[in-house]
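K.L.:
Starting off with a structure, shown below.
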Amino acid sequence: MWPLWRLVSLLALSQALPFEQRGFWDFTLDDGPFMMNDEEASGADTSGVLDPDSVTPTYSAMCPFGCHCHLRVVQCSDLGLKSVPKEISPDTTLLDLQNNDISELRKDDFKGLQHLYALVLVNNKISKIHEKAFSPLRKLQKLYISKNHLVEIPPNLPSSLVELRIHDNRIRKVPKGVFSGLRNMNCIEMGGNPLENSGFEPGAFDGLKLNYLRISEAKLTGIPKDLPETLNELHLDHNKIQAIELEDLLRYSKLYRLGLGHNQIRMIENGSLSFLPTLRELHLDNNKLARVPSGLPDLKLLQVVYLHSNNITKVGVNDFCPMGFGVKRAYYNGISLFNNPVPYWEVQPATFRCVTDRLAIQFGNYKK
């Protein structure tokens, strides 16, 4: 195991894509009490790295048996714990309990931890959470409780919460009011749950002002129509979506990135993409599209389009670029069309007149 001081120093800013938890230290502390201000950084870019010198050391001798404690970080991962340990210092800000055998969160498990900023419970066996288990956590901003046995979203989440990762559980329903009062929530990762479209009650996301939402690897057959309209990123990859209809994207006009790869999409209704004027990146790879979706030339800010591994047989000269010069505000820097039955030698060079570099175009490698 790496020494805690070194792990702390390597804590880096997490990527918006793919938002996959690989370990306790693979998540952000941006805007947290330990984050170095941009003004303090000089030389190399360390704006997302935890600065150990900026952390006020704790002088408490409290540290649960078998755990590693340094500054205000308590690391109790991979210990075979059956319950949340006692003797946790009240000034703890990061608590790592991942990779244990915890099955229940009880009422007083986090009593006195009013300064806790991040709680990691990934890869346990949690199936039951007391309705007041999180009540003491008045400053909690990041809750990672993925890869457990939850069948419902925990009740009474702290109003301070900014990021919730609850993917890879057994959740089938998102009831109305479950996110009530979470005005600070910015990001929810809830993929890998057996969620169907009918599992989202009308108004389930009311009051949320999310920027990021991922519901990948679920059982969706269409794009949910009642998600927060504030979204900048929406990832619905690895579902069973078969078509995009005109009204599906109507309320998501603020999207920068839309992920719909690895679905069963055969049809995108004309005009559907016109509701996404700020879109920068579109993932439609590994679907069943027979042609390039219409409307791409009208997306003035679009820079990346993934269309590989579809059934596209033809690429028209105006499929990607507008007809007039100066219309597109941002040129493409990535278009993937490989693994499609397109005779790429027949595609006219002018087709990619609004691409920054021909190396950004990926063609060929079609396998029947």
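Using the three backbone atoms N, Cα and C, a Cβ is placed for every residue, glycine included.
From Swiss-Prot, here are the annotated features:
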type: SIGNAL; residues: 1-16; note: signal peptide
type: CARBOHYD; residues: Ser42; note: O-linked glycosylation site
type: CARBOHYD; residues: Ser47; note: O-linked glycosylation site
type: REPEAT; residues: 151-171; note: repeat 'LRR 4'
type: REPEAT; residues: 172-195; note: repeat 'LRR 5'
type: CARBOHYD; residues: Ser180; note: O-linked glycosylation site
type: CARBOHYD; residues: Ser198; note: O-linked glycosylation site
type: REPEAT; residues: 266-289; note: repeat 'LRR 9'
type: CARBOHYD; residues: Asn270; note: N-linked glycosylation site
type: CARBOHYD; residues: Asn311; note: N-linked glycosylation site
type: REPEAT; residues: 313-342; note: repeat 'LRR 11'
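Could you tell me the structural context for the features on the list?
P.N.:
DSSP labels the residues of the repeat 'LRR 4' (151-171) in these numbers: 0 helix, 3 strand, 18 coil.
If one looks beyond the repeat 'LRR 5' (172-195) by at least 6 residues along the same chain, the residues whose Cβ comes under 8 Å of a Cβ in the stretch are 19, 141, 146, 151-153, 155, 157, 159-166, 201-220, 235, 238.
Long-range Cβ proximity for Ser180 (O-linked glycosylation site), meaning a same-chain Cβ under 8 A and a gap of 6 or more residues, is found for Asp206, Gly207. According to its DSSP assignment, Ser180 (O-linked glycosylation site) is coil.
Secondary structure at Ser198 (O-linked glycosylation site), taken from DSSP and collapsed to helix, strand or coil, is helix. Cβ neighbour count for Ser198 (O-linked glycosylation site): 10 (other Cβ atoms within 10 Å of its Cβ, all protein chains included).
With a cut-off of 8 Å between Cβ atoms, the residues of this chain six or more beyond the repeat 'LRR 9' (266-289) that come close are 237, 242-246, 248-250, 252-260, 295-296, 298-312, 330, 336.
Using a 10 Å radius centred on the Cβ of Asn270 (N-linked glycosylation site) and all shown protein chains, the other Cβ atoms total 11.
Its Cβ taken as reference, Asn311 (N-linked glycosylation site) is surrounded by 13 other Cβ atoms within 10 Å in the chains shown.
Non-local neighbours of the repeat 'LRR 11' (313-342) in the same chain are 280, 285, 290-292, 296-298, 300-307, 348, 350-357, 360-368; each lies 6+ residues outside the stretch with a CB under 8 Å from one of its CB atoms.
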K.L.:
Where DSSP helix means H, G or I and strand means E or B, what are the helix, strand and coil counts for the repeat 'LRR 11' (313-342)?
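P.N.:
Helix (H, G, I), strand (E, B), coil: 0 helix, 4 strand, 26 coil.
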K.L.:
Per DSSP, what is the helix/strand/coil residue tally across the repeat 'LRR 9' (266-289)?
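P.N.:
Tallied per class, the repeat 'LRR 9' (266-289) gives 4 helix, 5 strand, 15 coil.
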K.L.:
C-alpha of Asn270 (N-linked glycosylation site) to C-alpha of Asn311 (N-linked glycosylation site): distance in Å?
P.N.:
18
